[in-house]
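What follows is a single structure, written as structure tokens, with notes after it.
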Amino acid sequence: MCGILAVLGCSDDSQAKRVRVLELSRRLKHRGPDWSGLHQHGDCYLAHQRLAIVDPASGDQPLFNEDKSVIVTVNGEIYNHEQLRKQLPNHKFRTGSDCDVIAHLYEEHGEDFVDMLDGIFSFVLLDTRDNSFIVARDAIGVTSLYMGWGLDGSVWISSEMKGLNDDCEHFECFPPGHLYSSKERGFRRWYNPPWFSEAIPSAPYDPLVLRRAFEQAVIKRLMTDVPFGVLLSGGLDSSLVASITSRYLANTKAAEQWGSKLHSFCVGLEGSPDLKAAKEVADYLGTVHHEFHFTVQDGIDAIEDVIYHIETYDVTTIRASTPMFLMSRKIKSLGVKWVISGEGSDEIFGGYLYFHKAPNKEEFHRETCRKIKALHQYDCLRANKSTFAWGLEARVPFLDKEFINVAMNIDPENKMIKRDEGRIEKWILRRAFDDEEHPYLPKHILYRQKEQFSDGVGYSWIDGLKAHAAKHVTDKMMLNAGNIYPHNTPTTKEAYYYRMIFERFFPQNSARLTVPGGASVACSTAKAVEWDAAWSKNLDPSGRAALGVHISAYDNQNNLANKGVEIEKLIPMDPAPLGVAIQG
């Protein structure tokens, strides 16, 4: 994974333009501290900042085909590159990089090869034979990508907004799962899975099929020539990732190079829920565990840097990005270059606590579809940019294309939350890994209630952010918020505070339009707020806003923790044996 910058058809092949492109490319150096590359062909410039993970010795970019008529700059990981090489027997590869297959696939298949790639990627490909180019982004938008247009007719592509915002008349987020062709002068969606139409699926739930699909998604991501680890919050998703990784690591090439002892990492305020749970999981799995502490003041001091790197003013994203940003710096200092993380599970399985109020399976499924489609603006953006701020890559197996196909094809009736039947959020995922003979996790971890990352690092983190914002944003400022920020008008002092910082770094109208808006409770979409009339009076993205659901909800009258609710009551008493299809 890396940082890419391309300027195409700028009608300027001068030395001054080359210097400017280099200057802008350096704004992305944090994404790729291992190598900088720039290739110029006439008035087209392809630049690259490399984080070397596969073939560090020879995989520098841009990459070329045999006669250098096709040039590619790529940010990504192609997990099936070895299989693809076997399908290209008449081609000669210059490097061992997983991204080296892209130029050769284009030679063989033209613009239609993108769906052959199994991985995460953003790339620009220039065909010098006719000066045409294509740009593509991975299915879900795990890698970040922006596209801009200059007054001189140029097209700009950058991994981050800061690479193009000062030089483009207009720019926007490049849509995930799409390809842009200069020949067609437009976008087309290359990723067209059945769930994208939001039609209600009907496949029966088979726990073993789901388990195997996720295990394969994790295993294929153990492709590396450098040290790595796993992010472990102690919640269900990261704990499953850690468990599977530790279970299968010994038989991989990674273990041959770096040993079979897995390193795990967690961050939190002193005494936070995540630190306690993560330590227990690490001890259970036998990982080399690294626990990082931060204070509320540490986080507040980092807010400006976080907003500059994350490039958003979305409250949820900033709350969660800050501890991840601080942790990533510590991880990189240990010599680790990439980590596996648990993003995407809550969107696929309806894991956020507001899903308890889904009125029926149809609405439940449509909301999961809406959440997956928006991931590139929220959790994917956070995971990608929080880590890459320090040259650290995050891999996300829950967002594997094949796994999503399996999980999103299951009848959503099986995903519905039914507390009276012992079915809490993400029940079908928990059930798939509830193995009595060879347990993946302790029972109480496997059935731990969903804890959003910004909550799990310590409840005083969000409370501290709100208090800090209140010191910098007055009531009078809030009265005029609609006049100052007519688009996505901030409704809280915390949101106003983040918006002020964002606009200082990115004052362009195009920049503010890249950030999503709308009402939300506990990370819901605006549509799902309609599920409960009371939510419209409590629009906060924290999981604790799910009144009557979260055991530490904001409303003390509904604080189930004070009523003696024990974790054992969330664990099914008589689950059906594995291998039996469970219908609702």
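Cβ atoms are placed via backbone N, Cα and C, with glycine included.
On a predicted model such as this, the values are computed, not experimentally measured, just so you know.
If you check TrEMBL, you get these features:
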type	residues	note
ACT_SITE	C2	active site, for GATase activity
BINDING	D98	L-glutamine binding site
BINDING	L231, V267, S341, G342	ATP binding site
DOMAIN	2-185	domain 'Glutamine amidotransferase type-2'
SITE	E343	site 'Important for beta-aspartyl-AMP intermediate formation'
### Query
Quick one: mean pLDDT on the domain 'Glutamine amidotransferase type-2' (2-185)?
95
### Summary
Cα-Cα, S341 (ATP binding site) versus C2 (active site, for GATase activity), nearest Å, comes out at 18
### Task
Looking only at C-alpha atoms, tell me how far L231 (ATP binding site) is from E343 (site 'Important for beta-aspartyl-AMP intermediate formation'), rounded to the nearest Å.
10
### Query
Can you count the other CB atoms that lie within 10 A of the CB of D98 (L-glutamine binding site)?
25
### Task
Would you mind reading off the Cα separation of the residue listed as 'active site, for GATase activity' from E343 (site 'Important for beta-aspartyl-AMP intermediate formation'), to the nearest angstrom?
20
### Message
Measuring Cα to Cα, how many Å separate G342 (ATP binding site) from D98 (L-glutamine binding site)?
### Response
23
### Query
Given the ATP binding site residues L231, V267, S341, G342 in the record, what is the largest Cα to Cα distance, rounded to whole Å?
15
### Message
For the C-alpha pair, I'd like the distance in angstrom between V267 (ATP binding site) and E343 (site 'Important for beta-aspartyl-AMP intermediate formation'), rounded off.
### Response
16
### Query
So how many other Cβ atoms are close to S341 (ATP binding site), meaning within 10 Å of its Cβ?
25
